[in-house]
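Look at TrEMBL and you will find Lys134, Ser209 tagged as active site, charge relay system. The feature active site, acyl-ester intermediate is assigned by TrEMBL to Ser233. The substrate binding site annotation in TrEMBL covers Leu183, Ser209, Val230, Ala231, Gly232, Ser233. The annotation domain 'Amidase' is assigned in TrEMBL to 85-555.
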Amino acid sequence: TSAALALLGGSVAALVVWKWLGKKMIQKKMVEARRTRDEGLKKMAKAVQQFREQVPSAQTDAILSLPLLELTERLREGSLSPRTVLYTYIEKALEVTQQTNCLQHIIPECEEQLQEIQQHKEKGLLYGIPVSIKDHIGHKGHLTTCGLVQCLGTLMEEDSVLVKVLKKQGAIPFATTNVPQSLFSYDCSNPIFGQTLNPFNPQKSPGGSSGGEGALIAGGGSILGIGSDVAGSIRLPSSFCGLCGLKATAERLRWCGCLLLSHPVPCALGPMARDVDSLALCMKALLCQEMFQLDPTVPPIPFNEEVYSSSAPLRVGYYDTDGYFPLPPCMRRAVKETRRALQAAGHQLVPFSPPRIPYVMTELFLKTFFADGGRALLDVFSGDIVDPGLKPLVNSCKMPRLVKKLLALLLKPLQFLLLLEIKDAAMISTCRSVKEMWNHHHQIQLYRSQFITQWKELQLDVVLCPVLGPALTTGYPGKLLTAISSTMLYNILNFPAGVVPVSTVTEADEEELKLYKGCCDDPWDRTLKQAVSGALGLPVAVQCVALPWQDELCLRFMKEVETLSRDK
């Protein structure tokens, strides 16, 4: 007996030591990654200083204030040099990351690309434009970490298709931006590179998972960025940071990069910028022969300039709540004001009710991600330090099936905590067999068909609807996963959807928020109220949606909304 106890004690001690050594190894890798990042930023800061000494007359503020379309014209005609523009934006990006921690790396090869574009016989549509890219969009010789230690050792062997096309069009990818750990969050924090902050208010999140892009562009450190969106990851940072962002129809843009989980809701790429014309120019540049040749799975459909430039009146469906998670008063105000402006401009506005959002959220969306009870998600975090914002979700996936069922049964009548509701959805809405998984895929297709039928019956061109905002306080997105129903819906449907800032939070909005009860004044509603309070002056946006493959129409509608909001 004593020998058995000694053996057991020795085994426990060995396990404790093994875990301690593992944690130490992880911490060492993280420290090394941060050191490499910091050294790279210092090196680029020196390069900027050398440039400033060589070209002291560069008009930094004037360059940074130019809209993308005007900047491209100036570069193409030669009144501005790509070198001057590149170093101006690197300098500003370094300044913005000091305030927000938005950068992972400045790409040193951008200097090689600067030389390369000057050898091109033809100047591409994005000639000389510095472009930032989200961490997991692959660039040769660089990491795609997804905020995970397990991804720190693998450098990309070649550029992703998207980066190759950007370079072919004369763009200069110059920075990779921070993301939340695993990308499965709409905050922007990971244990390796830390928390990214909103450039307008350091207490607030920039959104996620393209939060580094949001913070960098909104802070003025990039004029054009590329993000990705599987539940709102382009649109939420755009909403929180006052940017325009487009989640394209998923199949129109492809890339080879890091994607940790495969599921029937496709990950869509899209541009983020300060105005809609910039998004349209980026899409026009990307939807070219180079893209179609490099990736034959992308349908060869060039950008339709005629649709984007049209001024024909639109038939616009609208709603200011999806009936599932009521958004703060300022976001609903934005939809109402935009609706009135569109009506006054001669467009036809039609009430529209998206069907069965509670069903979509729990049975289609959450079931997609937790079909296996969260096991694939746990594999992603295996051997990693979990970011505090993701711990409740990871811990819920670790709980035994029986415990989750009992908790859900006991606490559901009390509407206790959102996270327990997530546990409930993650556990009970699983696919327990291949047959169930096939049926789940079928249910998604069926819902898409029903939604399109309702859209067609009303003869709609586009839909105007709310988006989550204003920016949540850091740490809160992890407590409010199901608050993203407004964006998640259009990932399930795979409709192109974009965000346009139309207003800012007023004192009247803050006063009205004090009376906000949400759906039934439960802990979810009270948590959201806390998360969005103290947002005076922060951006307020709306969401614009079109049918699949009608990305140009979506952009055209976004442009109309942008023009009307600026004319107020």
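A Cβ is built for glycine as well, from the same backbone N, Cα and C atoms used for every other residue.
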Give me the CA-CA distance between Leu183 (substrate binding site) and Ser233 (active site, acyl-ester intermediate), in Å, as a whole number.
9
Please give the greatest C-alpha separation between any two of the substrate-binding residues Leu183, Ser209, Val230, Ala231, Gly232, Ser233, in angstrom, as a whole number.
11
Quick one: which residues besides Leu183, Ser209, Val230, Ala231, Gly232, Ser233 have a Cβ within 8 Å of the substrate site's Cβ centroid, in sequence order?
Phe184, Tyr186, Gly208, Ser210, Ser228, Asp229, Ile234, Leu236, Cys267
So if I draw a 10 Å sphere around the Cβ of Ser209 (active site, charge relay system), how many other Cβ atoms end up inside it?
33
Have a look at the recorded positions Lys134, Val230, Ala231, Ser233 and say which one has the shortest Cα distance to Ser209 (active site, charge relay system).
Ser233
Cβ-Cβ distance under 8 Å to Lys134 (active site, charge relay system), same chain, at least six residues away:
Thr176, Thr177, Val179, Ser209, Ser210, Gly212, Glu213, Gly225, Ile226, Gly227, Ser228
Looking only at Leu183, Val230, Ala231, the binding-site residues on record, which one has the least crowded Cβ, with the fewest other Cβ atoms within 10 Å?
Val230
Take every residue in the domain 'Amidase' (85-555), average their pLDDT values, and give the whole-number result.
91
Other C-beta atoms that fall within 10 angstroms of the C-beta of Gly232 (substrate binding site):
31
Across all the protein chains here, work out how many other Cβ atoms are within 10 Å of the Cβ of Ser233 (active site, acyl-ester intermediate).
34
